[in-house]
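Residues or ranges marked as domain 'Cytochrome oxidase subunit I profile' in TrEMBL: A:13-533. If you look up TrEMBL, you'll see A:122-141, A:165-186, A:206-229, A:249-274, A:286-308, A:357-380, A:584-600, A:668-685, A:697-716, A:728-752, A:764-786, A:807-826 (among others) marked as transmembrane segment.
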Amino acid sequence: MSGEHLSPVALHKALTRIWGTPPGLARFSAVNHSILGKRFMVVAMVFFAIGGVLAMLIRAQLATPDSAFIGPELYNQIFTMHGTVMMFLFAIPMFEGLAIYMLPKMLGARDLAFPRMTAYGFWCYLFGGTILIVAMVMGYAPNSGWFMYTPLSSGIYTPGINADVWLLGITFVEISAITAAVELIVTILKMRAPGMSLTRMPIFGWYMLVTATMMLIGFPPLILGSILLEMERAFDLPFFDPTRGGDPLLWQHLFWLFGHPEVYIIFLPAAGMLSTIIPTFARRPLIAYNAIIVAIVAMAFLSFGLWVHHMFTVGIPHLALGFFSAASALVAIPTAVQIFAWIGTIASGRPRLDVPMLYVIGFFIVFVCGGLTGVMLAMVPFNTQAHDSYFVVAHLHYVLVGGFVFPMLAALYYWLPHFTGRSSVYRLSVPAFWLIIIGFNLTFFLMHLTGLMGMPRRISTYPSNWGWDWLNLLSSFGGFIMTMGFALVLVDIVMQFRLGRRGTRNPWDAGTLEWAMPTPPPDYNFAALPAVTQRADSLDPGRLGNNLAAGDGYLGFARASRQESLGVDMMTGKPDQVIVLPRRTWLPLWTALATAVFFLGLLFKIYWVVPLGALAVVGLFLVWPRALGQRHDAGPIDIGQGEAVPVDAEVEDNVTWWASKIAAVADATLYASLLFGALYLAVVAPGWPGQSTETNWWPALGLLAAFGGSVSVRLARSRNADGTSPYGWLLGTAVLAALAAAACIVGMVQLGDATIHANISLRFALYAYCAIHAGIAMLIAAHAAWRWRGGYVSAVRATSLRLSVLWTDYATAALIPAWGLTLLLARSGGAS
Amino acid sequence: MSTLDPAGPSASSIAALWWVMFWGALALFALVIALLAVSLLRPSALASIKPGTWIVGGGLVLPVPILVALLVAALLLGEQLLPKPGGAAPVRIDAHASQWQWRFSYPFIPDAASTSILHLPAGEPVDVVVTAEDVIHSFWVPRLGGKIDAIPGHTNIIRLQADKPGVYRGICAEYCGEGHETMGFEVRAHAPADYAATIGGQP
C-alpha cells in the first residue's frame, strides 16, 4: 500500500505531482496554504500602502491651520477609509496570511484542514476589499468614521450608498476571518505532527489557538450589528432609531464587543511572532512557557470584559464604569508577564543583534509606551478628558503600530529567507528602521500633547490660535519621514527577492519545524512528517530536515495520488487518522463570485438578484463534498513507522465534525448577540410604552416541527448505525425542518409592518434567523440523504448524519429563546 | 483650550491625576527599557534572575499595587466629580446639540431665552443637562472638565464649575458629520451677582 521506498529526489517529484499547482491560469484554482498565505500577505501589503497614502493625505491636510487642501466632505471619507483599511483590510488579513502560511509548517502538517476554505476566504477578502477601494475611487467611500456610529451612519443622515459600502464590504471580508478562525483552530487541535502534545506545541501555536478562538467569538457581534444596521438602512427596520424603540447605544455595544477584543486579536499573533523570534536571537528557549500560556488565555478572557471603556462618556452609571475600568487596567498584568518573559529570555541567553531584533527593540519602545497610556485611559476621570481627542489617536497608534507593525516587520525580516530561499541584503533595512522609529515617534508622541491641549479627533481643520499649529506641523513632518522608511522596506523586500544570495536553509539557527524543509518550501511541506519527542521550539531542523526529505518519518511516500496528512489526538498528539485533503479546484473562486453577486445585489439594491446569488452560493457549497469521501470501509491503513490508522471519513473525531461544532459556536455567538440586542432594547431603550400586543403563535408551531425533526434525525442515525437505511427518516427530517422554516416565515408575515417599532422588527429578525437555520437543517438532512444514496455513508462513515443531528438540534434550540422572547416582547409594548 | 490649563475644580483634579500618571509612567517606561538595554548589552548582569522571578516580579509584584492604587484613586475621584443629588441644588442649564450647533437654555430663570453662548455663574457648580436632536455629539469644555456625549433619546448630566469669570472655549468632541469642526461654542462665566441679569437680558 505504501509503495516502494523512493529516493529523496523521486519522492520529491512524486509528491510535487500530487500537491503542486501548475503555473498560468491554474493558479486561480490554487488551494495550497503556502500560495494562499503569501497571497493574503501581498494583498494586505497593498492595502497597507493604500491606507498609508490616506494617512499622508490626512497629515497633509492637518499640517497647517485653516487648511483648504481637502474639504470636510472628502476628509471624512479619507479618515474613515484609513481606519477601515488598516484594521480590516491590512492588520487582520496580514496575520491571517502569516498564520496560514506558517502554522502547518510549524506544526508539522502538509496543509491546513480545509484548503478550499482558505481559498474561498481569500477571494471573499479580495472581493470585499475591492468593493471598498473601488467605491473610494468613485467618490462613494464610507464617511461615518470607522466605527460607524448610528444615527450618523443611518439612512437619514447618510442617505447615499457610502455606509452600505462599509457594512456590506466589511461583512464580505469578515467571511474570511470566520473561515480562517475555524480552520486555524481545527488545524492546531487536530493536525500537529505525531507526538506533538499540546504542551509540546511551539508557543506560536498557542497564540494562534487563542487568537482564532477570540475571532470566532469577537467577529459575530460586529457581523450581527452590520446586518441589523443594513436592515435599518435598506428596509427601515428601526433597531437603532430612538424615536421608534431603537437605541444608538446598541450599535456601540455590539461594535465594541467586537472592537475591543479586536485589538488583542491583532496583538496576540504579533506577540506570538515575538515569542518565536526572541528565543532564536537569545539563543535559548523561551522562559516561562506555561506562564505565557496562562497570560494569553487570561488576556483573551479579560478582553471580552472591557469593551465599555470605549464608552465611558455615554452616560453609563459611574460604578458600572468602575468594573470596566478595573478590567481594562488588569489587562496590563498578562501583558507585563509577556514583556518580562521576553526580557528574561534575552537576559538569560546569549543575545545577538540582527535586523529582526532591531524591530523587536522598536516594538518594546513603542508598545510599552502605548500600554502605559492605555492604563491612563482606563481611568474614568482622565478618560473623560482624553476620550475622542488626539491623545487617543496617539495611544491607539502606539498600541497598534507598536503591537503589530513593528513585530510584523521583525517577522518579515525573520521569515523572508523562508519565503525567498535567499539571504537578506541588509543595506536598506537598517536606515529604514531608523526612519520608521524616528518618524513614528515624531508623528504620534506629539499627538498626546495635541490631545491634552484640547484637539478633538476627526476634525478636518482647526483655527490657528489654540496652540496646535506647530504640534500638527511636526506630526505631519514625522509622518512623511515614517513613510520614507516604509518605502525603503518595500524596496528592500523587492531587492531580496531579486538580488538576494541563495542562502542556507536555517539562517537564524532557529529550533522550530518550519525550517526543517527546503526554502522556498515545496508544495507538500514535508516529504515525511516528523515524530516530535520534545517541546517543538528547540529541535534541530537541519538534521531533521534531511531525514524527512529522505522519507524517514510518517507518511514518507506518495499514495494513490491522494493528498494525505495526519490527524492526531487533540491532547497527546498520537496519530489517529489519515486526513485526505481536497486537491486544487475552481469551486472556491466560483463560490466567492456567487457570494459577490449576493453582496453587490444588496449594495445596489437590485433585490431580485440577491436570492439568486444566495441560491448559487448554497448550490455550489453542496457540490464541494463531491470530491471527497469514499464508498467503502477501508479500515486502518499504513502511515509508516509500523503504524496504521483509519482515514478521516471513518473516524468520529474528524476535522469536518470539529469544524462544524466550532462554526456552530460562532453562529451561536451571533445569535446570542441578537438576543442580547433584543433584551437590551426591551429593557433600556427609550420609547417602549408597555402595552401588550397580540401573541404570534407561528414560532411555537415552528418549534414543534423542528423538535419533530430532531427526533426524526435521531431515528435516522440509529438506523444507519444498525446498518439499515436512514433514507426515509432523513427525508422526514428535511420535510419537518422545511415546515419549521415555513412556520417562521409565516410568523414574519403575520407580524405586519415591522418598520413601526423595534419591538416588531426585533421579532422579525429573530424569526428570520430561525427560518434560515431551519432551512439549513433541511438542506443538511437532504444532503445527507443524497450522500447516503451515493454510497458515501455507512455505519462507520457517518459524519453526514452527525452533522444533520447537530444542525437540526441547532435549529430547534434557536427556536426556544425566539419563542420565549416572542412572549416577552408581546408584553413589552411599543406597537400601538 | 488646554486640559493642562484647568480653570475649574473638575479639570484641576483630572490634570493632577494626569501629572501623577505621567511621572509614574515615565518611571516605569525607563525601568522597562533599562532592563531591556542591560539584557541585550550585558546579559550576564541579569542572567542570575530566575524565570519565576521575572514573571512574579515583573508580571505581578510590580504592576498589581500600582494598578490597585490607581484604580481606587480614580474611582474615588470619579465619584467626587459626579452630579450627585443632595446639598444645595446647583444651577441647571440645558445644552441641546444638533447638526451643527449648540443651544443653551436656562430653565431656572423664568423668561430667559436660549443662547448660542453658554453663560455660567462663576465660582459655583453647574449641572449641564446634555441632549441631542439628530446624531451623537459630545459636550466638551477642556479647561473646565471632562466631556459627556449628547445622544438622541438619552439625557446626560455633567457637573462643571468655572472658578473665575472669564471666557472659555467648548467644542464638539464626537464626530457628527460634515460640520463637526464648526461646532465650537463660547463659554462665558460671570460674577454671580450679575449672572441672572446677564441671562435675562440676552436676546
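Here the Cβ of each residue, glycine as well, is placed from N, Cα and C on the backbone.
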Contact set, same chain, for the transmembrane segment (A:249-274): CB under 8 Å, 6 or more residues outside the stretch: 87, 91-92, 95, 98-99, 147-150, 203-204, 206-208, 210-211, 214-215, 217-222, 224-225, 228-229, 239-240, 296, 299-300, 303-304, 306-311, 314, 338, 342, 360, 363, 399-400, 403-404, 407-408, 410-411, 414, 673, 676-677, 680-681, 684-685
Integer average pLDDT (0 to 100) for the domain 'Cytochrome oxidase subunit I profile' (A:13-533): 95
Beyond the flanks of the transmembrane segment (A:357-380) by at least 6 residues, Cβ under 8 Å: 274, 277-278, 281, 306, 309, 312, 318, 321-322, 325, 328-329, 332, 335, 339, 342, 351, 386-387, 391-392, 394-403, 406-407, 409-410, 413, 429-430, 433, 436-437, 440-441, 445, 448
Contact set, same chain, for the transmembrane segment (A:165-186): CB under 8 Å, 6 or more residues outside the stretch: 80, 84, 88-89, 92-93, 96, 99-100, 103, 112-114, 117-118, 120-122, 124-125, 127-129, 131-132, 135, 140-142, 144, 148, 153, 208-209, 211-213, 215-216, 219-220, 222-223, 226-227, 229-230, 233, 595-596, 599, 602-603, 655, 658-659, 662-663, 666
Selected stretch (most C-beta pairs under 8 A with the transmembrane segment (A:697-716)) from A:286-308, A:668-685, A:764-786, A:807-826: A:807-826
Contact set, same chain, for the transmembrane segment (A:668-685): CB under 8 Å, 6 or more residues outside the stretch: 216-217, 220-221, 223-225, 228, 239, 242, 245-247, 249-250, 253-254, 257, 758-759, 762, 765-766, 769, 810, 814, 817, 821, 824-825, 828
Beyond the flanks of the transmembrane segment (A:286-308) by 6 or more, those residues with Cβ under 8 Å of it: 203, 206-207, 210, 213-214, 217-218, 253, 256-257, 259-261, 263-264, 268, 271, 275, 278-279, 316, 320-321, 324, 327-328, 330-331, 333-335, 337-338, 341, 344-345, 348, 378, 535, 537
